[in-house]
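Q: Positions annotated as substrate binding site by TrEMBL: Met40, Gly189. Taken from TrEMBL, the feature ATP binding site applies to Arg116, Thr162.
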Amino acid sequence: MFQLVNEVREKNPLIHNMTNVVVTHFTANGLLAIGASPVMAYAKEEAADMARISGALVLNIGTLSETEVESMILAGKAANEQRIPVVFDPVGAGATPFRTEMSRKILNEVKISIIRGNAAEVAAITGEKWEIKGVDAGSGDGSIVELANKAAHLFGCTVVITGKEDVITDGGRTHIVENGHELLTKVTGTGCLLSSVIAAYTALEQDSVKAAATAVSAYGIAAEKAAATTAYKGPGSFQIEFLDQLSKISKEDEVYAKIKTTKE
Ligand code: ATP
Ligand code: TZP
Ligand code: MG
Ligand code: MG
């Protein structure tokens, strides 16, 4: 499975990120660290052209505007025409009606390969109830496996719900990943960067469940290694070490993977 980690480094896929202003720099550095090639392009005059030459497209609504969503739809449709995978991160869906509405618009107009969000965001686009505070998931009493399954069937794609445990499912096969570290919740953009890392892996692996599970586990392992030497200092040092560890992750790290397969 982790062969893919090395392949991304060897093949250096171009990843087109239409993402939010909070995480742009961190996302570009994180993608460089795993061996991918990041590009950000938003203007409606070029978004579709950039999507067409990329290995995968990321649509992230973290600081959305109506104009940006129009560009995202142009890029998404261009990617769909060329069968280029599109990853959707519905940041803050459910927090405001605008975010939920725009998420639904994107999902209606663009064929998405993978949705990656926290439980509250996935619940919001699926029409389920879950507490949300801004862009952070609150508590909910449902099962995240059931929620992910419901979303996968509803949108006909792979769904990744992250949190302490991560669920990856296409509605048929389901993996639960237990890698990661709590410090990831103290650095903004770690969910957004993960969506872009998943995009880099899915650019080279057509099996989107396998691509996403590998990406989520490798990412969590890098966080565990970073925390081992920086947790006592705090999130600032962790963030820097995390980028360093992402740049070293390789197929040899599969021994640290904690991936449970609940449905084959
Ligand atoms: P939120 O805004 O709710 O924090 P997010 O979009 O930032 O959501 P997260 O769910 O925080 O995304 O996921 C980002 C990364 O952090 C994932 O790799 C996930 O596995 C990891 N993660 C999140 N919470 C924990 C935790 N309590 N313990 C370990 N890893 C975690
Ligand atoms: N506000 C709008 S987008 C954003 C914030 C704080 C970044 C969210 O990043 P993540 O990865 O979901 O924590
Ligand atoms: Mg988080
Ligand atoms: Mg997020």
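Just so you know, glycine gets a Cβ as well, placed from its N, Cα and C.
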Q: Look at the binding-site residues Met40, Arg116, Thr162, Gly189 and tell me which residue has the greatest number of other C-beta atoms within 10 angstroms of its C-beta.
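A: Output for this query is Arg116.
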Q: In whole Å, note down how far the CA of Thr162 (ATP binding site) lies from the CA of Gly189 (substrate binding site).
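A: Rounded to a whole number, the Cα-Cα distance is 13 Å.
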Q: Cβ under 6 Å from an atom of ligand 2: which of these binding-site residues qualify? The list is Met40, Arg116, Thr162.
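A: Qualifying residues: none.
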Q: How far is it from Met40 (substrate binding site) to Arg116 (ATP binding site), counting Cα to Cα, in Å?
A: 19
Q: Using DSSP with the three-state reduction, classify Arg116 (ATP binding site) as helix, strand or coil.
A: strand
Q: Should Met40 (substrate binding site) be counted as helix, strand, or coil on the basis of DSSP?
A: strand
Q: For a Cβ distance below 6 Å to any atom of ligand 1, name the binding-site residues from Met40, Arg116, Thr162, Gly189 that qualify, or say none.
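A: Among Met40, Arg116, Thr162, Gly189, near ligand 1: Thr162.
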Q: Where does Gly189 (substrate binding site) sit in DSSP terms: helix, strand, or coil?
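A: Coil, per DSSP.
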